[in-house]
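What Swiss-Prot annotates here:
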type	residues	note
BINDING	G49, W51, D66, D82, D105	S-adenosyl-L-methionine binding site
ACT_SITE	K145	active site, proton acceptor
Amino acid sequence: MKDRQDYYYWKAKKEGYRSRAAYKLLQMNRTFKLIREGDLVLDLGATPGGWSQVAALLGARVVAVDINPMKPLENVTFIRGDITLPETLEKIREISPDYDVVMSDASPKISGKWTIDHLRSIDLARASFSIAKEVLKPGGNFVVKVFQGEEIQKFFNELKPHFRFKKFHSPQASRKRSAEVYFIGKRFRKI
């Protein structure tokens, strides 16, 4: 159930964003300069489209991917597919072989069991990074959500060598009780 007292929920409704998550990307982009006008952005786990909407409004061309349907957005091409399957990567590459930014706010179905939810979030983040390694341009940027837990440092260490700048970040728009953090990787290098 949506928290009807949630400031960002109401702000998103008032300002026409598809979800409160739009403010997370806006805040991260303001801090880290992830998306520039003219960039080609790949949004994995995109539905309902808050991040795709922000990227398009920033002047990027966006390819959005999700297992669930998404209502159309201007300057956004949608692919319905599972990011863990190779055929989805093929569809992504049919549109473009390389992208300036790969981002993922994908979240697993929450079971209520912390360890399971954490591990599922790491699996989704790894699937996102697996795609990013294939399509992200050298010098490109990568953002992915993970839930904090015992595997987070191992995951960070896996990504670390691929980026000149890397850190975990929790935007102000994240709920205070949320265990989500975002890995920010800038200036990608293929190794």
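Keep in mind that glycine also has a Cβ here, set from the backbone N, Cα and C atoms.
Structure coloured by features recorded in Swiss-Prot.
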residue	record	DSSP class
G49	S-adenosyl-L-methionine binding site	coil
D66	S-adenosyl-L-methionine binding site	strand
D82	S-adenosyl-L-methionine binding site	coil
D105	S-adenosyl-L-methionine binding site	coil
K145	active site, proton acceptor	strand
Practice problem: Could you work out which of the binding-site residues (D66, D82, D105) has its C-beta surrounded by the smallest number of other C-beta atoms within 10 A? | Solution: D82
Quiz item: In whole Å, how far is K145 (active site, proton acceptor) from D82 (S-adenosyl-L-methionine binding site) when you measure between their Cα atoms?
Solution: 17
Self-check item: Candidate with sparsest Cβ neighbourhood (10 Å radius) among G49, W51, K145, the listed recorded positions
Solution: K145
Quiz item: Across the listed S-adenosyl-L-methionine-binding residues, G49, W51, D66, D82, D105, what is the farthest Cα to Cα distance, given in whole Å?
Solution: 18
Quiz item: How big is the Cα-to-Cα gap, in Å, between D66 (S-adenosyl-L-methionine binding site) and K145 (active site, proton acceptor)?
Solution: 15
Quiz prompt | Nearest of the binding-site residues (G49, W51, D105) to K145 (active site, proton acceptor) - Cα to Cα | solution = D105
